[in-house]
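Colleague: I'd like to ask some things about the structure below.
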Amino acid sequence: MLGQDNCHSLPVPLTVMGEARMDPNLSPPDSTAQQDSLFSMTDVFLISLITGLFTYWFFFRKKKEELPDLPKMQTVVAPVRDSSFIEKMKKTGRNIVVFYGSQTGTAEEFANRLSKDAHRYGLRGMAADPEEYDLSDLSRLSEIDKSLAVFCMATYGEGDPTDNAQDFYDWLQEADTDLSGLRFAVFGLGNKTYEHFNAMGKYVDKRLEELGAQRIFELGLGDDDGNLEEDFITWREQFWPAVCEHFGVEATGEESSIRQYELVVHTDVNMNKVYTGEMGRLKSYENQKPPFDAKNPFLAKVTENRKLNEGGERHLMHLELDISNSKIRYESGDHVAVYPANDSSLVNQIGEILGTDLDTVMSLNNLDEESNKKHPFPCPTSYRTALTYYLDITNPPRTNVLYELAQYATDTEEQERLRKMASSAAEGKALYLSWVVEARRNILAILQDMPSLRPPIDHLCELLPRLQARYYSIASSSKVHPNSIHICAVTVEYETKTGRLNKGVATNWLKNKVPDQNGSNSLVPMYVRKSQFRLPFKPSTPVIMIGPGTGVAPFIGFIQERAWLKQQGKEVGETVLYYGCRREREDYLYREELARFQKEGVLTQLNVAFSRDQAEKVYVQHLLKKNKENIWKLVNEGMAHIYVCGDARNMARDVQNTFYEIVSEFGNMSQAQAVDYVKKLMTKGRYSLDVWS
């Protein structure tokens, strides 16, 4: 700003000089003497004026520069120093860096486990978020002896990078850097039910090799539809011997329990400095400031919470979140992320079983002072807050948690059982699969079923993964509802093999949100995540929407938007919906709204499959086959866009196979050609998926 101020100041005397030089030309040329004297008087006056102005400007400018500069300069330097992971590795004596692309925390967890493993081989590792570093430094990793870069990369959505790996992905696409000195390995986290299985892991592995880097171990492909934990352990137990062989090192001993954080209990603490559930900035829920995102969610009021289904065992609900004055913008097809809270009864039971005062205020501080991650969750906080808002206590714990907890089991058999389940032996893997995963035992169930296992609560809090945000397809259009976001969800509740009743964290928490009530009971921490699931640019383009169950959610927003466009006088193309539910009188969601849209002529076709209202089950793909000629006409002649939302494992796959059949039959193509045709529709953005497993 000072530079700009100087620039503006400089022209002042110049302008005066320019104007003064024009004055003599305006004087009458009668008397030369008179003219000369006028010149000298004017010159003297101008010189004095200029000198005065310049002196005043010079001193005024000095004061402005002297006042604010020193303190301002100090605040901007710090982040630049930290952006080089190479310098950090050199400073802290690390030679292995494990980068993670993580959306739900699992890839980050795997990266931490690999970096901890390194010490067993006389190496030192660090886990790193690619968002925090300059990845072009990979070309310099060879400056460090026995150096290696490992990438734990999750694939999000339809083959996309996770939010924190987006910049890394963009850099890889554009990079022409020579990475010939880089040694690397990649473990991908994906789900086989998705079209683009492990796309990010595969791309990173392939691209690094293209840039000249040396792969020291094969690409690992973890499948979350199977057993991701087992896939990781199997890959990891072969990965380390390959590292040892490459660097000529040997294992220094057994895997040992090393604490990453130290406990500090605060007996005399200012409660205004204690976190009570905030995700980032302290007191951010009391003093809300945009922009709102994953680290700074907006507290939205629930203005409506109604049950959608008329019968049956399940509870399907429609919620409306008020986003007035938040400056949050969304489009039809986007996702809303909500941060839920764990059931207080589960939290209390953990406290009771471990004999802990849950209201103790504490901090877990990283023993590695150079780490960017100072705490595993916001600290200082209470154990109650950590177990309620920050930690995942309902999912079955991973094997590394069992291994670390084993030391606290006083019964020899229980200790051996925990160690066996955490081992890479076939018998141990099978036991972990049956006793933990298939029985859906969470940490509380494990503590209940192993009476001698009573770990210190601080170590348990260190080991448990973070509670993640839950994503829902938005069931509204911002053109119609600019100040509210609608959610359609079904509560998850099931009995486990051990006879326990397990409840979905977020859906049961949302179910209990009471509209227009003061206090936290009506508030939902949320933010919007942009999606590629978008209506066609031209409203006149026909759309075919396939969404059974709660998969109808984004299409309610799509239809609302098409109705709004029609009201604006726009030409709106055919709007076709294929919806499915169990029974017409039980769980037909948004029945009245859909009937109204059809009556108004916005929804040109409404095809509903009731799967259990007759002896033979009928699903959306059966209705697609029934109307195959119309479908082909819309796709082939009308250039329709196809949208599929819902279950990835069965429905989305069956619908896609149905489209292969329709294309093959009416397009006179072979099966391979039909598959290629549909894949091209996907590439062009004419076949979009918003699916989950």
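Backbone N, Cα and C define each Cβ position, glycine as well.
Reproduced below are the annotations present in TrEMBL:
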type	residues	note
BINDING	102-107, 154-157, 189-198, D224	FMN binding site
BINDING	R314, T550, S611, R612, K617, V618, Y619, V620, Q621, D654	NADP(+) binding site
BINDING	R440, R470, Y471, Y472, S473, C488, A489, V490, Y494, G504, V505, A506, T507, W692	FAD binding site
DOMAIN	96-240	domain 'Flavodoxin-like'
DOMAIN	295-536	domain 'FAD-binding FR-type'
TRANSMEM	38-59	transmembrane segment
Colleague: Can you tell which of the binding-site residues (S102, T507, Q621) has the fewest other C-beta atoms within 10 angstroms of its C-beta?
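Modeller: Fewest other Cβ atoms within 10 Å, among the binding-site residues S102, T507, Q621, is found for T507.
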Colleague: On average, what pLDDT score does this prediction assign to the domain 'Flavodoxin-like' (96-240)?
Modeller: 94
Colleague: Could you check which of the binding-site residues (R314, R440, S473, S611, K617) sits closest to Y194 (FMN binding site), going Cα to Cα?
Modeller: S473
Colleague: Within a 10 Å radius around the Cβ, which one of these binding-site residues has the most neighbouring Cβ atoms: Y194, F197, Y471?
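Modeller: Per the Cβ count within 10 Å, the most buried is Y194.
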Colleague: Could you measure the widest C-alpha to C-alpha distance across R314, T550, S611, R612, K617, V618, Y619, V620, Q621, D654, the residues recorded as binding NADP(+), and give it to a whole number of angstrom?
Modeller: 24
Colleague: Radius 10 Å, atoms counted are CB only; among the binding-site residues Y494, Y619, which position scores highest?
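Modeller: Output for this query is Y619.
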Colleague: Given the binding-site residues R314, S473, Q621, which one's Cα is the least distant from that of N191 (FMN binding site)?
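Modeller: Closest candidate to N191 (FMN binding site), judged by Cα separation, is S473.
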Colleague: At a 10 A cut-off on CB-CB distances, which of the binding-site residues A154, A489, V505 has the highest count?
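Modeller: When each Cβ's neighbours within 10 Å are tallied, A154 leads.
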Colleague: I need the nearest neighbour of S473 (FAD binding site) among the binding-site residues S102, A154, G157, F197, S611, using C-alpha distances.
Modeller: G157
Colleague: Cα distance, V505 (FAD binding site) to S611 (NADP(+) binding site), nearest Å?
Modeller: 28
Colleague: Check each residue in the chain of G157 (FMN binding site) that is at least six apart in sequence and keep those whose C-beta is under 8 Å from its C-beta; list them in sequence order.
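Modeller: Expected: S531, Q532.
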Colleague: Calculate the distance in Å between the alpha carbons (Cα) of K617 (NADP(+) binding site) and Y494 (FAD binding site), and round it to a whole number.
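Modeller: The separation of the Cα atoms works out to 23 Å.
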Colleague: With every protein chain in view, what's the tally of Cβ atoms within 10 Å of the Cβ of N191 (FMN binding site), excluding that atom itself?
Modeller: 21
Colleague: Compute the C-alpha separation of Q621 (NADP(+) binding site) from G105 (FMN binding site), stating it in Å without decimals.
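Modeller: Pair distance, Cα basis, whole Å: 35 Å.
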Colleague: Of the binding-site residues F197, R440, V505, which one sits closest to Y619 (NADP(+) binding site) when you measure Cα to Cα?
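Modeller: With Cα distances computed to Y619 (NADP(+) binding site), the winner among F197, R440, V505 is F197.
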Colleague: Which one is it: of the binding-site residues R314, R440, Y471, Y494, whose Cα lies the shortest distance from the Cα of A154 (FMN binding site)?
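Modeller: Nearest listed residue in space: Y471.
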Colleague: Give me the largest Cα to Cα distance among R440, R470, Y471, Y472, S473, C488, A489, V490, Y494, G504, V505, A506, T507, W692, the residues the record lists as binding FAD, in Å as a whole number.
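Modeller: So the binding residues stretch over 26 Å, Cα to Cα.
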